[in-house]
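*Asks:* Below is a structure I'd like to ask you about.
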Amino acid sequence: LFFFLICFSQCIAFFSFTWALGYFLCKSVHYCQIVAMVCSVMTLTVMSIERNIAILSPLRSKRICTRRRARVVVLLLWLGSIILALPIFLGQTHKEVGKVFKAYWCIKDWDRPIYGILFESYMLLLLFMVPVCVMIVSYTTICLALSRGTKFWRQATSTRGTMSYPAYPNHTSRCSSTKSISSKGTPVDNMIHNSHRERMDKEKMKVIRMLIVVVVLFVVCWGPILINNLLVAFDVLDKLHVGPLKPLRMAMSLLSYLNSSLNPLVYGFMSRHFRRGFRDAIRVC
């Protein structure tokens, strides 16, 4: 909703070739856009770390991942995003153009070209590539652990005698890091136990798949415009919307706005808990 409120001003600028919304909105709209982008990527990164802890160290996660701490993390995410987006105020300029007919542009116009290069590199590498790499590592680790855990359970229930093995690789708890399964249990008991375990792993994988889709959408929607901005800073592309650059940049901007619209749809289609919570919220309203 926050992102939806600021996208119209950008659309007006694209179609009118000028900025008619004044100095204050020139600065604040672009600042809010970056705040929303930074908050999105930081939230996705924290979610990937939380899922990693919850699945690989479930006992530890109950102690760490509390509601109170979740509220604190959300607050810190917003405060951090507000601070990390501040540099845009130094570059975003409300500039008067034209000699016969006066008009205004709202563009990035840094005092020195190196400042523009540093800012766009900061946006692409530190606030985009680094969090995305953290998410890739986190979800890859989770998927590998779940696949290994499933194999261990299948081997344990199909092997005669007693077998000790870790519940998950690198799994830590206050109890012993190994579990024993004895073949003295009936085949039915083993089948029920294995079925329950597989069902739990499938539920976890559904959540992971949903979050991976959200991350991929974020990369696809935000990557093009951030790369475009970096190429403009290095003078590889013209900063003016000339020729094919105008429709391409319009498409890139629309993609970035589309990301915020697609996320609720992904949650709705892929998460039963989200659908249930949404229905409950509608009933309350």
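Count begins at 1; order follows the chain as displayed.
Cβ from N, Cα, C; glycine included.
The feature domain 'G-protein coupled receptors family 1 profile' is assigned by TrEMBL to 1-267. According to TrEMBL, the transmembrane segment annotation covers 30-49, 70-90, 122-146, 207-227, 247-269.
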*Asks:* Is it the case that the transmembrane segment (247-269) and the transmembrane segment (30-49) have 3 or more CB pairs under 8 Å, with pairs at least 6 apart in sequence?
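*Replies:* When sequence-distant Cβ pairs are counted, the transmembrane segment (30-49) touches the transmembrane segment (247-269), since at least 3 lie under 8 Å.
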*Asks:* So what's near the transmembrane segment (30-49) in sequence-distant terms, Cβ-Cβ under 8 Å and 6+ beyond its ends?
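*Replies:* For the transmembrane segment (30-49), the list is 2-3, 6, 10, 73, 77-78, 80-82, 84-86, 88-89, 92, 106, 123, 127-128, 131-132, 134-135, 138-139, 211, 214-215, 218, 222, 256, 259-260.
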